[in-house]
Amino acid sequence: MSAVSSGPGRLLLVGGGNMGGAMLRGWVDFGLPADDLHVVDPQPGEALRALIAEGRLRHSTTVPTSPFDVVVLAVKPQVMGDILPNLAPALTPETLVISVAAGKTIAFIAATLGERPIVRAMPNTPALIGRGITGCFANPLVTPALRDKAEALLSASGAVVWVEAEADIDAVTAVSGSGPAYVFHLTEALAAAGEAMGLAPDLAMTLARHTVAGAGELMIQSPEAPAQLRRNVTSPNGTTQAALDVLMAEDGLGPLMRHAVTAARDRARELSKD
Ligand SMILES: NC(=O)C1=CN([C@@H]2O[C@H](COP(=O)(O)OP(=O)(O)OC[C@H]3O[C@@H](n4cnc5c(N)ncnc54)[C@H](O)[C@@H]3O)[C@@H](O)[C@H]2O)C=CC1
Ligand SMILES: O=C(O)[C@@H]1CCC=N1
């Protein structure tokens with residue numbers, strides 16, 4: 001994190017919504033000075049409005065005319081095409097562009113912004129509490145120093161991993177970019193199952209939330225693999241085994257998850273064509 005504290009230079013974030021806002025929180029908490037952090041968003045949401053009110057960053061509704069060292073694109077993929085032509089005043093040939101937009105390729109971005117250092121990054125919303133993970137791909141114009149800068153910035157949101165093939169970003173999107181939603185839905189489904197067995201809704205949700213959160217934390221803190229942690233819960237012929245016989249059946253969670261994650265990956269591929 002020292003690179004962020006010592007300054008990545010001037011950073012422009014385009015789009016301070018759910019994802020941009022979550023990354024912003026990490027940059028603010030890690031001490032990026034307000035004068036070096038500028039957000040363009042014509043309709044700032046609640047989180048961004050709070051940071052603006054606290055004086056933690058600069059904000060405008062259009063792209064500023066001064067150049068930036070790093071420009072992070074966090075608008076919806078569908079509006080990327082409208083945004084890119086407006087960015088010229090904020091760019092120098094050395095500006096590092098980081099895009100978190102699902103599906104939008106480096107070639108798509110370079111077609112408007114020109115050949116330049118570009119990183120495609122796929123973060124996730126646990127970034128809001130510094131517990132995200134970001135998968136990244138850098139084009140060949142990203143020097144080792146720029147890669148370090150990107151990694152320092154993105155690690156303000158949690159872990160950072162790099163992939164060697166740009167196409168893998170679509171799979172990263174499907175696994176970890178969208179992944180928090182699967183876990184939240186699992187929590188909803190677990191609570192609903194408890195409710196269906198007669199537990200009060202609040203109690204069922206409390207049990208489900210703490211179970212998912214506790215199991216998640218255990219997976220991070222324990223040296224044991226998830227499969228072993230699962231075995232540790234499963235007494236032979238006990239209650240867990242009865243449930244896992246359903247979840248691990250041929251038509252259980254495994255194929256369903258593969259089906260769902262493949263749908264997300266395929267949608268990322270489609271977004272590249274919009
Ligand atoms: N939400 C998530 O969990 C993740 C989202 N992403 C990517 O992040 C990007 C943003 O997604 P969200 O934050 O979920 O969407 P969002 O709708 O919450 O945020 C988008 C923001 O862009 C702003 N905006 C719209 N037009 C603009 C313009 N012309 N100039 C500047 N800002 C503009 C909106 O006012 C809004 O605040 C997408 O490309 C998505 O694929 C990536 C990883 C995870
Ligand atoms: O749903 C989406 O398209 C974005 C990308 C990953 C998470 N949210």
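Glycine too: its Cβ is placed from the backbone N, Cα and C atoms.
Just so you know, TrEMBL annotations never went through curation; they're auto-generated.
Feature annotation from TrEMBL assigns domain 'Pyrroline-5-carboxylate reductase catalytic N-terminal' to 13-103. According to TrEMBL, the NADP(+) binding site annotation covers Ala74, Val75, Lys76, Pro77. The feature domain 'Pyrroline-5-carboxylate reductase dimerisation' is assigned by TrEMBL to 166-271.
Locations of recorded TrEMBL features on the structure.
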{"residue": "Ala74", "record": "NADP(+) binding site", "Cβ contacts under 8 Å, 6 or more apart": "Leu13, Val14, Gly15, Gly16, Gly17, Met19, Gly20, Met23, Val100, Ala101"}
{"residue": "Val75", "record": "NADP(+) binding site", "Cβ contacts under 8 Å, 6 or more apart": "Val14, Gly15, Gly17, Gly20, Ile83, Ala101"}
{"residue": "Lys76", "record": "NADP(+) binding site", "Cβ contacts under 8 Å, 6 or more apart": "Gly15, Ala101"}
{"residue": "Pro77", "record": "NADP(+) binding site", "Cβ contacts under 8 Å, 6 or more apart": "Ala101, Ala102, Gly103, Lys104, Leu271, Asp274"}
Once Ala74, Val75, Lys76, Pro77 are set aside, which residues in the chain still have Cβ within 8 Å of the Cβ centroid of the NADP(+) site?
Gly15, Gly17, Leu73, Gln78, Val79, Met80, Ile83, Val100, Ala101
